[in-house]
Each structure stands twice: as structure tokens, then as C-alpha cells.
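Enquirer: Here's the feature list from TrEMBL:
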- 1-12: compositional bias 'Polar residues' (COMPBIAS)
- 13-24: compositional bias 'Low complexity' (COMPBIAS)
- 43-65: compositional bias 'Polar residues' (COMPBIAS)
- 125-138: compositional bias 'Polar residues' (COMPBIAS)
- 167-188: compositional bias 'Pro residues' (COMPBIAS)
- 70-100: domain 'Zn(2)-C6 fungal-type' (DOMAIN)
- 1-73: region 'Disordered' (REGION)
- 102-195: region 'Disordered' (REGION)
Amino acid sequence: MSPTNYTLTPGESSASGSGSTSSPYSPPVPSHHSHPAHLHSQILHSQIDQQNIDTSQPQNQGQPQRSRDGCLTCRARKVKCNEVRPVCDKCRIKSRECLWPSGDESERRRNKKRRSTNTPDGTVPPSSKKPNGKSRLSSIELKPILPSPSPLRSAPVSHPGTIRLPPIQPYPPTPSHVQSLPPPPPPSNQNQRSKTTLPIRPIQGIVHVPPNFLPPDALRNKNGTRADGMHNGDLVDWLVPDKARAGLMMDPSFLEPYFPTVDERLVIRHYLSRTVHIIIAFESNHRPWNPWITVHAPLAFKHLPGTNPAADALRSAILAVGGVHLTYTTNPNDQAAAWRITKSAKVKVLNLIRQTLEDKDGKPKVLEKENIELVLAALLSCTIASSLAADDSWHHLLSSVLSLIDQLGGAQNILQDAPRDRLSPYRFFMEQLAIRDVFGCMTTELAPSILQDAFTPWFFEAESWSRSDFEWESVERMFGISRGMVDMISRACNLIASVRSLNRHLPELALPTLDPSLVGLHKASSELMSELKIWDEAENFTPLHPRTQYGNHSYKHAIRIRMLRKVYNIPSEDQRVVSSSQAIIELAGEMLALYGKITWLTWPILIAGFEIPPSHPSRRTALEMLGAFGPHACFDNRAAARMLSDYWMWHDMDGDHATSWEVARTLNQRPFLD
């Protein structure tokens, strides 16, 4: 393998084709580092000339330089111009426009001929150096020179302008061949030499937070609350406007990871766009607010399918609610299809919740806060699906969630750490389950399990910390009645359940011969009836929404009818019963004309209809109003109308001996009504 020699040539002239291509060749100089077989190593030479010509033989001095006095047309086409004005021969022959440089002196200076960059002695003139002081030697490049085939050797010849480099040793080099490279030359600029580089030191020091740096709302105590007892909401709690939340959640790309199939995405879109609006009493056009979208639905998007059984249970329950309502809007007579949905959903949801509550060995797990929220949300949604479908499984589901609440220490214990600056999921679920428990007791005639005592503290404590009507009016907006009316209905259900368990009625007036075991019960019922008498005057001073006032008055008359009929055994012909029944029908008619729907007013209409005598025109009005729910209703309203018709037929045949609840149990009609 013969060594390869390199010569140093300027980089600008490497592509030039002018001048001689031959270069002087110097035979190798023996070196004590060379191997004997390679004593003919080549010597590197450098030629410092832009035209790639040896400076010892300046061949470019006799050659004509390129002229810049030609026309612009020939120069643009890169052809030789004979410089004949006004039209050169090339432009004349080719019939082109012959353009010439202007007569400006600056233009003439730019068109002057180039001067040679080499002097006769082969050195580089000072003008050939660049403005920064560097010579054109810095732009030279290495160019290989093939060894001469001639076997002749001669002594080394020195040439002016030639740079001689040490001989290159054959590959691979030995350690003795390795030579260290010299350090780079110092900068030629004198200003750069005079500058000294100072070491960069990081800024160090102790920074004290200035007083009043944090706003007062950011100051928390050890319990995580502010000085006024309020909890500070996180940033993410206020990012998405309530008006835009439903539309953003209905985006197919957002739904796809959580609801993989097309049918699931179709049903969940129907749920978010339509179903959530029929399970709320009223929504303000000025300040729309629906906790089923802002509080309940976001929980379904916390975990992907298969990662959390409680989240899977919630998604299944929500799909059941949307599927039941979609079936009703498609075919209101196909109740069997709705029952199939609720039956399969109930089995799936309860199995997933069991996986959340127990391990594989059947031992109970320690539930985290997030899983408790998901379990309560799943059971609540499954109960709503059953109530909308008007089947009887709602009672079993509601009993299951009430048992779970008891095991967790009750509603008061669950809400102990709930935030108090907004409607949290815990508080929303407790309010929903407590009120639905009360309405369920109106069907079963049992005592409520959550609101057992009068004026339960956790149910009314929102009045002390709520700063907007969203917290305090959450019950009013959801159910169309106030918290005080819910408490009154709960107490009435407790009294009716107690009287039913004793299998005896109470006298309206306390007699000296009254059984001592009934004294306390009689006192509680008398206080409730007195409270109903002053309710009308108290309502005039309460700043409630008109829809809430309609609901309060309707349920006030419904409680009076139930107390007179169930507790005191007053006949339906009593004037108080008749007047309350007529008042409910009139209030429902006014509200239907004013708002276009009477959601969450089914029970008052049904209770009033039970007491309407035969052949009275109010019977037809009651049935028409139950059917006037239209798109704001579901199978439960049709079940109420069917239950009322069946009771009238049974009552007209048997007189006043059979009560409405006895007829309902006989006909196996025990739907959840609101």
C-alpha cells in the first residue's frame, strides 16, 4: 500500500479550470521514523495562488485577464462579448437586446478588471489579506497528489512559496508515529487580546417574601380552610364555563376512549343533550346550571375502561339512564325495552360495585374517597334509570345505597370534609339520595332512612356558608321545592309510617282518654298541621323562585291531604280534603301554562287525583296534565296516569274501603314517582 500525499491549494481555486494542472514534485526525504520499505515517502507542498499555479513559475502573468467591460446581456449568459457598442456581435446575431452598464463612476469601478493577487517574487501582497487580518492561507484545502510513476529519485528541492510538512507514516501508525497537534494560534485581533473573560458566578442569596405578598384568600390554616372557614377552590374548578361543558364533553374524539362502541357514544350524547334536562325541575335561562353536567357527569371521565370497576359501574349506569329515555322518546309504548335495559344494567353495576367493595377473597376493602364518590354516583344513576323505566327494582337499589351510607357512618360523617365553597359531589349525592328516599317513602309508606329527624343539621348547613344561590338553591332547582318543604314531607312520612305500624289512627283533638303511647305521636302530628296553617304567610316573606313557590304550595296541600286521610282517617268528602285537591289541580295548571312543563309535580297531582269523586271534571284534567309532560317525561309519568286510572276503577266499584296504597299493592304498581 503506497502512501497518499496531500498538497495545500486555496479553496477558492479548487474548481478553476485555468492554469497549469501540474505541480512540482519533491522526492521523499529519509526519516528515522520511516520503515526501510517506505523510504520513498512523498513530501507535501502548498501552492499559494488563486489560480492553482506554482509561485516559483508565475504562468498567469502572460495570460489575459477576464474583462468586465462587456455588455450586460453577454455577462448574464456567461458568453464572451467583443465589446462593440452600441450592439455587440453576439446580441446582433441572436437578435437580443444589448444592454450596457451605466456611466456612473461607482458602476465603472465595479466593472474594472481584476488585478493579479501575486507579486513577481511569489509572495502574497498585503491587499490580499482579509479585513479581519487573516491571510488567505486560512481558506486552503487539502488536495491529494498521486505519486509519480517515475522510479527516479532526486534530492529535495526547495521552492519559493511552498510549505513543507512532515512525512505521513503508513497506516496503521505505531505509538512513535503519533504526534501531538500544536495549540491553535492566538487571535490576531489586538482588541480581543486585550479583553479578559470574567468568570460567571450564579446569583446567590436569601430572599425574604415581602409583606402582603399573598392575597388574603391564599392564607390557610392547618385544616386547609381560610380564616372565615371557607375552602378555596382549585384552579381547575373554574376553568370550564358551565354553558360550554356539555358541548365539550359531547365531542366524539373526547368520548371515544371512555365509550368505545358507537352505540355507547350515541347514547351518552343523548344523555348529555336531553336526558339531563328532564331530571331537573327548572333551569334558569339567565344563569343556567345543571349539576348532572357540572358535578355528576365529569366523574365518568376520571378513569379509562378496565382500570377502575367503580368508574365502569358509573358509566354503565349513566348509559342505562340515557338508554331508557332514548327508548321513551323513540316509542313511549315500548316499556318492555326499558325494563330490559334496567335489568341488565342493574346486574352489571352491582357486580362492578362488589368488586370495588370486596377483594377476591370476599374481604371488605378500605375505600378511598374517590371510589366512594364513584360508588354513590353509580348507585344513584342506576336508581334513576329504574325510576324512569317505572319498574320495581328502584327500591332494592335505593336500599343498597342507604345501607352503604350507614356503613360509612351516615351522611353527616361523609360530609365532614366536603368543601364549603361549592356544591361538591359528596353533598350533591347526599341531597339527591336523601330526597329520593323521602319520595320513595311516599310509595312504600315507610320512614325515611337519611332524614330521620326534623331539621337534620347537614341538610340545612349550606345556609351558613353558601355565597351564591347554586349551593343553597340546589334542592330548589333540582326538585322544585325548598329544603324546608322536604323536611316537612319527611316528617309527614315518619308520622304516617308510625301510625301504620300501630295499625290505628289518631284523633284530631287530644282526649283525656288518649293512650299514653300515642301522646308523643299526637303532639308531633298537631305541630305539623299547625305549621301547615302558617306556611302560606311564611311563603310571602321568602325570596324563592316562582317555580319553587308553586312546588311548595302544591306539596303543602298534598301533605295536608295525606295527614287527614292517613293519620286522622278523615273521609275524602271532607271540605279540607276537597279544597286541597282542587288547589293542587289549579296550581299545576297555572305552572304548566307558565313554564310549559310540570316536572317533579307528579306526586301532588296523583295524591289529589285519588281524592277526586266520581264523574268530577277534575279527573279528566288530572289525567291530561300527567300526559302533558310530553318530552319532559318518561315511563314513570305514564305509570302514574295508569295507576290513577286503575285506582278510580277499583274505588268506584268498592266505595271508600280500599285505600290507594292497598290498590297499588294489589295491582303490583309501586313505581317511584316524583
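Placement of Cβ uses the backbone N, Cα and C atoms for every residue, glycine included.
Automated prediction, rather than curation, is the source of TrEMBL annotations.
For each listed feature, how buried is it and what is near it?
Expert: Within the model, the domain 'Zn(2)-C6 fungal-type' (70-100) carries an average pLDDT of 88.
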Enquirer: Report, as numbers and ranges, which residues of the same chain sit near the domain 'Zn(2)-C6 fungal-type' (70-100): CB under 8 Å and 6 or more residues beyond its ends.
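Expert: For the domain 'Zn(2)-C6 fungal-type' (70-100), there are no nonlocal Cβ contacts.
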Enquirer: Would you list the DSSP helix, strand and coil counts for the residues of the domain 'Zn(2)-C6 fungal-type' (70-100)?
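Expert: The composition, in the requested order, is 12 helix, 0 strand, 19 coil.
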